[in-house]
Amino acid sequence: MGLLFLIFAAFKVFFNPVLGCQIPFNDVSLIGNATHSSDTLIEAAYRNGKLEGFFPNPATGWHDVVSNPLSYFDPWPPGVSQSGSRPLIVVKYCFADDAIYNLFPTLVRDAWNVWYLDSGLGIPSEQNGHRLWFNHAPLPDNTNKDNKSCYLKDGRFNTIFPPETVMILAQPYGRAGASSTTGYIPKSKNPIPYRHRMWLGAALATHPFGKSVIAHEIGHILGLIREHQRADRDHYVAFQCHNLRGYAEMKIQVEMHPKRPGDTIDLICYNPAVAKLYNFASADYTIGGLMQGTRFEFRTHGSVYDLDSIMHYGSTQFAQHWPEEVDSMPLVKWQARGPNFDPKGKVPTPKNADPIWEAQKPSRLDVERLKWLYPWDPRRPSK
Ligand SMILES: [Zn+2]
């Protein structure tokens, strides 16, 4: 077990996404490019007052990410594909260019297979209880390579794909890991073409866990958020911010050069807005989180906390080094976990906590969540 964990840890450390697997404020315009880094774009947005809504009075409460009618984001709407009188919900993707297509000619499809074949989601049908499908945008002319890509060779958008098509592209700066937008972004909120995106690190193409990482990203695209950001997570897991990679440097940075008066490392660790402003990995671990225009909390619909969820991080992600004990891991599970477990005053040790193994496929509850968001019966349960 110990050796296996170490091997596992080695892989995961290699794949630590630098950006985090959720993009800043779910806004692709804040992702770095050749001339500006993500850090400078986010800080400029803050200085220009564009992030004001993200530092709300805590008393104003939280929203979930897609199922709440007040949310900025939605579940994906029905598409044009028909099954009898029942419109299917088909989420389509295209590749930004031939290079990324050639890296992942089948792996994105394979990752969807993990959902619908290996995890029991099944094809959209009354029997399976959902209307959801995820596939490559149709290629009207398979002999024309341009038609595989979201862009034409001359750099223009390939207009054969609808503008809400999910664009798959390489991680910025050749980084490893993966990140995605979350849920369906209504055109009224953000009209830019290909505003739904999935960034994949090239190393995923040959990595043994590449498929499960992409299955996790597909979960984001369809509207799921990280399980360990649920409001009740402290009864099950312990988040140890000081074990995140870069913590010491971040602490010095905020003490020497705070971006807002009064900012502290604790605020960066536990306030999702401040975490995003400093572009620190703690943003992936705060209870609740935030997206363009809204702060959210999980709406769990009564489901139990799910350590087997593919949306739950493992213990070694964002770790400083290859951790061997729970006291050096950013996220661990309590042995006595449960809805009534009180973690107050407790510190994780090998006697009371264990490492979390990242799931390799969606759990039964992950599948249930997608069926709830995309039911075959369009009469959605009341929100
Ligand atoms: Zn993620």
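Backbone N, Cα and C atoms are what each Cβ position is placed from, and that goes for glycine too.
Annotation source TrEMBL lists signal peptide at 1-20. Taken from TrEMBL, the feature domain 'Peptidase M12A' applies to 211-251. According to TrEMBL, the feature region 'Disordered' maps to 340-359.
Residues 5, 8, 12, 209, 212, 234-238, 240, 307-310, 312-317, 325-327, 329, 331-334 of the same chain sit 6 or more residues outside the region 'Disordered' (340-359) yet have a Cβ under 8 Å from a Cβ within it.
A mean pLDDT of 92 is what the model gives for the domain 'Peptidase M12A' (211-251). Across the domain 'Peptidase M12A' (211-251), DSSP assigns 25 helix, 4 strand, 12 coil. Broken down with DSSP, the region 'Disordered' (340-359) shows 0 helix, 3 strand, 17 coil.
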